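Copied over from Swiss-Prot, here are the features:
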| type | residues | note |
| --- | --- | --- |
| BINDING | Cys148, Cys151, Cys201, Cys204 | Zn(2+) 1 binding site |
| BINDING | Cys165, Cys168, Cys187, Cys190 | Zn(2+) 2 binding site |
| DOMAIN | 5-70 | domain 'J' |
| REPEAT | 148-155 | repeat 'CXXCXGXG motif' |
| REPEAT | 165-172 | repeat 'CXXCXGXG motif' |
| REPEAT | 187-194 | repeat 'CXXCXGXG motif' |
| REPEAT | 201-208 | repeat 'CXXCXGXG motif' |
| ZN_FING | 135-213 | zinc finger |
Amino acid sequence: MEQRDYYELLEVSRNASDAEIKKAYRRLAMKYHPDRNPGDTSAEEKFKEIQKAYNILSDKQKRAAYDQFGHAGVDPSMGGGPGGFGGFGGFGDVFEDIFENIFSGGRGQGRQSRGQRGADLQFNVQLTLEEAAIGKEVEITVPRHGTCTVCEGSGAKKGTSPKTCETCQGMGQVRIQQGFFSIQQTCPTCHGEGKIISDPCASCHGQGRVRESKKINVKIPAGVDNGDRVRLSGEGEAGVHGGGSGDLYVQISLKKHAIFERHENDLHCEVPISFATAALGGSIEVPTLEGRVTLKIPAETQTGKVFRLRSKGMKSVRGYGQGDLLCKVVVETPVNLSREQKELLNKLQDSLENAKGTHSPKTSSWFAGVKKFFEDMKF
């Protein structure tokens, strides 16, 4: 199946800035999130495509590879790497060697071997709506590879240091001449590291990192929503042999609330009112995330009427603006009536039926429609 262009998926231009890409992702992820489109498989598939596109375009190295080679540059199944030639077996090294010579000015000496960057990690944190509204600082324990404190990440025994590999002169790769081709291969002596550790650290066994459980305090800003991520630079996996550490992404999810439903920064709720309050009007108390407020109900209010309370919703995670609280009133039908109450209601019903103009506009319109329906029917 043909893959869609990642820039097209995020609805941005190819020269879009990182901020524009992030803004587009947040908008589209919010629109197609499965929680907001229950049972909609097309929305779920769109959400997955948007996530994949953002994962590529938000990473500078992956974005550069995608800009140069398209999907083949970032999808291993289409070629096995940025060059897109991994699927050709042994010829992958041949073409890699050609590109190496082109982009290095024909020096033919390869790249200086350097440490490998640590992997990025993701940690999921679940918050209540109340916590998301005001922000929260949480302590998390992240299992990861951390830098070995004994050798300080070098992998060598304390007091010693790794030596440059004599076979590849620290390049991590060697060239082998086969006919007309000069093939570049991983150095068999240092296995691509460029250095030899003759006396490895006993604590990390020469890896420069060890398993640990790191406690980290995370400040989660007010206004976060499902799918938002907090990035902690350098708190991911430690790099190998001096490589930089990866990043930690704290993924936010919100617990379902008993009263409120969130739609972007607005909150929605249903408020039950009595038949008498709906007919005669009155005041009721409604809950907000900041406490109780009084809502005035005008006379002759119909069930389903929505009242908007300004700035009683969620704060914007960007630090400006606040959503509203939308209260939908539901007129309750009384139950478990006494004989006296039933008699009073019967009297009220008789009184209303004999009076004109007491039906709501919706009811009057419905009765008029039913009357016309029967008049037009031919039995």
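Backbone N, Cα and C define each Cβ position, glycine as well.
Distribution of Swiss-Prot features across the structure.
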{"residue": "Cys148", "record": "Zn(2+) 1 binding site", "Cβ neighbours (10 Å)": "21"}
{"residue": "Cys151", "record": "Zn(2+) 1 binding site", "Cβ neighbours (10 Å)": "26"}
{"residue": "Cys165", "record": "Zn(2+) 2 binding site", "Cβ neighbours (10 Å)": "21"}
{"residue": "Cys168", "record": "Zn(2+) 2 binding site", "Cβ neighbours (10 Å)": "24"}
{"residue": "Cys187", "record": "Zn(2+) 2 binding site", "Cβ neighbours (10 Å)": "20"}
{"residue": "Cys190", "record": "Zn(2+) 2 binding site", "Cβ neighbours (10 Å)": "24"}
{"residue": "Cys201", "record": "Zn(2+) 1 binding site", "Cβ neighbours (10 Å)": "22"}
{"residue": "Cys204", "record": "Zn(2+) 1 binding site", "Cβ neighbours (10 Å)": "23"}
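Between the C-alpha atoms of Cys148 (Zn(2+) 1 binding site) and Cys190 (Zn(2+) 2 binding site), the distance comes to 21 Å. Within the chain, the repeat 'CXXCXGXG motif' (201-208) has long-range Cβ neighbours (under 8 A, six or more residues past its boundaries) at 115, 147-151, 153-158, 238-242. Cys204 (Zn(2+) 1 binding site) is 23 Å away from Cys187 (Zn(2+) 2 binding site) when you measure Cα to Cα. Cβ atoms within 8 Å of the centroid of the Cβ atoms of Cys148, Cys151, Cys201, Cys204 (the Zn(2+) 1 site) belong to the same-chain residues Thr149, Val150, Glu152, Gly153, Ser154, Gly155, Ala156, Pro200, Ala202, Ser203, His205, Gly206, Gln207, Gly208, Arg209, Val210, site residues excluded. The binding-site residues shown are Cys165, Cys168, Cys190; of these, the one with its CA atom nearest the CA of Cys204 (Zn(2+) 1 binding site) is Cys190.
Looking at Cys168 (Zn(2+) 2 binding site) and Cys201 (Zn(2+) 1 binding site), their Cα atoms lie 23 Å from each other. In this structure, the C-alpha atom of Cys165 (Zn(2+) 2 binding site) lies 18 angstrom from that of Cys201 (Zn(2+) 1 binding site). Mean pLDDT, taken over the repeat 'CXXCXGXG motif' (201-208), works out to 87 on the 0 to 100 scale.
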